[in-house]
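Comments concern the structure below.
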Amino acid sequence: MTGGITSPDAGWRQADRGPATQQKTGKKRRKRGGGRGRGEVAMVDDVEFTSYYGRQIVKTPVWKSPDVPLYLFLGGAAGSSAILGALADFTDRPTLTKVSRLTAGGGSILSVVFLIHDLGRPSRFLHMLRVFKLTSPLSVGTYILAPFSAAAGATAAVELLGWFPRLKRFGGAVAALFGGPLATYTGVLLANTAVPSWHAAHTQLPFVFGGSAMAAGGGITMMFTPVDEAGPSRKMAVAGAAIELAAMHKVENDHGIESEPYHEGRPGKFMQAAKACTAVGAGLTVVAGRTRAGAIASGTLLAAGSLLTRFGVFEAGIASTKDPKYVVIPQRERLAAQQNEHSSTITR
Amino acid sequence: MTSISSASPGLAMPDPKNRLFGPLPDVSAEAGYEEDHPKRVGFFTDTSVCIGCKACEVACKEWNTLPMDDSHGERDALGLSGMSYDNTGMLGANSWRHVAFIEQSRAVDLPMPTHRRPGDDRSAGGDLPAPDSGDLDSTAKAQASVLNAEALSEFDPQTGQTGADKQIRWLMSSDVCKHCTHAGCLDVCPTGALFRTEFGTVVVQGDICNGCGYCVAACPYGVIDQRKDDGRVFKCTMCYDRLTDGLQPACATACPTQSIQFGDLDELQERADARLATLKAQGVETARLYGRDENDGVGGDGAFFLLLDEPEVYGLPPDPIVTTRDLPAMWKAAGKAAAMMVGVAVTAILGSRRR
């Protein structure tokens, strides 16, 4: 009859196997089965599960693409550039300071535009400032983004105009203070949802986004800074790329069936392209980052890798809401595990 | 005067226990209401007596003037879903009650699994007891009594028989917003548009919502949704306007079989426990309460159900957990990641030769 972990009781099953209610999860077949550990998927056994006519259980987020992935990318690049800019300012690297501040300012203003555009009622953006709620990452994020974009935007503006050098330093420092949280809170923003593939990776996404932010910020500032001054950019970009790849590897492999959307379809392609761009970009930075052409090429690759990571993670989460198996199977396994635990304590 | 907080009690109260998840004896008081607030109210939806008439859906649409949409939430579209008698499809911005129809069959020679093709059973001779070949009078009696739980196990009133080897039964269930003890939508709302009422229910303030859509992604049941042409989100209010005037919600008023029962939550819970005990005693092994357990992932539901099969059969998540339960761990990770960024940047600066 209905095997697997979710057999309906007493033998009841969908009449005449109604439309796609009893589904089997396909076993993942990977061509590179014997390859290195990277990219290898934890095998998910065939399990039958029940659903209501195959319909999704959780709602698909109404967040728009490309607004939200672009917001994630720009916010990250701006945040890491702001940190770099403030530190470069304190250690007297004028060109790197200027480039970082312009990146941070431009990125933050654009990210605000994308964030507001994504609202269902953009004219009510200021309602975000009615309350402050630690339980709402979007509320916390608003209070990170608002001072950050004000400080970074103003700093970039006076940098362009060449006014108030001291105010510039202060503005840059304020932006740097909020830069880190701005780049990593977005991981919490996605993870604090019922979206299976985001929530499963809730402790890893902030590190993915933090690393990705440094790869992007380092890459972009490296492109526009003379190579002999861009040493910090290169170092930050390579370290960020390594962190991004390592954290993303865990996201993609640690969560059983909830990791599956990161490997399949469009999000899977995004993730593969992201990994290729980031890895090649980081390698090229090490090898040829000290040449003008090398810096431009590797900087572009790193920024593209970061952008693709955001799109991949975003779309993987979207995909995980559309199939009820990503909701039912992990929850069933959780229940089964609790039951086992419970029965084992009873026997003891 | 106490201010009504739209934040989860988790971070506002000194006691960290059970503020983000777990049982919470008085949700309204946790939200800041004075001691004399009304008792927490709720729905108990007893699906064993649901006849699938959809009066609840109609009453809800009428009272709340909800626009028409099809089973995918497309506004002003009239479409057949192709799934049984259910053309509502799901809960959403325009459907705050949704009657699910599930058609199930089973072979009657249970519990032994059959490996024969359907037609073979008949040719195998009279060794299989045909359920409708017995006492016709008792069968008719069982069919006549919708509320007879013994009949439910022996001869499900939602069951017809299509042949000697197969039984068909219908499961019908009116789904609704669960008004969770720990509501994910409420926790993540950045504007305070979602709030906890004095009745312990969760309601959206339409004049505050700015359509950020966070609640849509945060609901573990997939209840709340955005109206695309409007931009804001909408969901069941448990007829807050009617409650404040001492009336029952429209759906409960319209339900002809008392499948939807409205009342004080503690009273409903007692009633549900008794009903479950009755059904169990009469042999309905598959009956279970859903959303009744205060120790579940959302601290128990304000609207809970008696189901006759696994929750996922009805399109409900088997073990929903409010996403905010894990939020402290997430903030910790984000803090560490932010510190890591500063550390990497400082190292990068110090490790590079000055020009």
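Keep in mind that glycine also has a Cβ here, set from the backbone N, Cα and C atoms.
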Residue among B:C189, B:C236 sharing the [4Fe-4S] cluster 4 site, where TrEMBL lists B:C209, B:C212, B:C215 as binders: B:C189
Annotated companion of B:C60, B:C236, B:C239 at the [4Fe-4S] cluster 2 site, TrEMBL, chosen from B:C50, B:C53, B:C251: B:C251
Binding-site annotation, TrEMBL, [4Fe-4S] cluster 3: partner of B:C177, B:C180, B:C185 in B:C219, B:C255: B:C219
Long-range Cβ neighbours of the domain '4Fe-4S ferredoxin-type' (B:168-199) (under 8 Å; 6 or more residues past either end): 4, 6-8, 10, 20-24, 27-28, 30-31, 33, 37-43, 45, 47, 50-52, 56-57, 91, 96-106, 156, 158-162, 205-206, 208-210, 212, 214-215, 218-221, 223-224, 235-236, 238, 240, 243, 251, 255, 259-260, 291, 294, 298-305, 307-309, 313-316, 322-325, 327
Within 10 angstroms of B:C215 ([4Fe-4S] cluster 4 binding site), Cα basis - binding-site residues out of B:C50, B:C53, B:C60, B:C239, B:C255: none
Subset of binding-site residues B:C50, B:C189, B:C209, B:C212, B:C219 within reach of chain A (CB-CB under 8 A): B:C189, B:C209, B:C212, B:C219
From binding-site residues B:C50, B:C56, B:C177, the one whose Cα lies nearest B:C251 ([4Fe-4S] cluster 2 binding site): B:C56
Spatially closest candidate among B:C177, B:C180, B:C209, B:C212, the listed binding-site residues, to B:C60 ([4Fe-4S] cluster 2 binding site) (Cα to Cα): B:C177
Surrounding CB atoms that lie within 10 Å of the CB of B:C50 ([4Fe-4S] cluster 1 binding site), all protein chains: 27
Close binding-site residues near B:C177 ([4Fe-4S] cluster 3 binding site), where close means Cα within 10 Å, chosen from B:C53, B:C236, B:C255: B:C236
Closest of B:C53, B:C212, B:C236, B:C239, B:C255 to B:C180 ([4Fe-4S] cluster 3 binding site), Cα positions, binding-site residues only: B:C236
B:C251 ([4Fe-4S] cluster 2 binding site) in three-state DSSP notation: helix
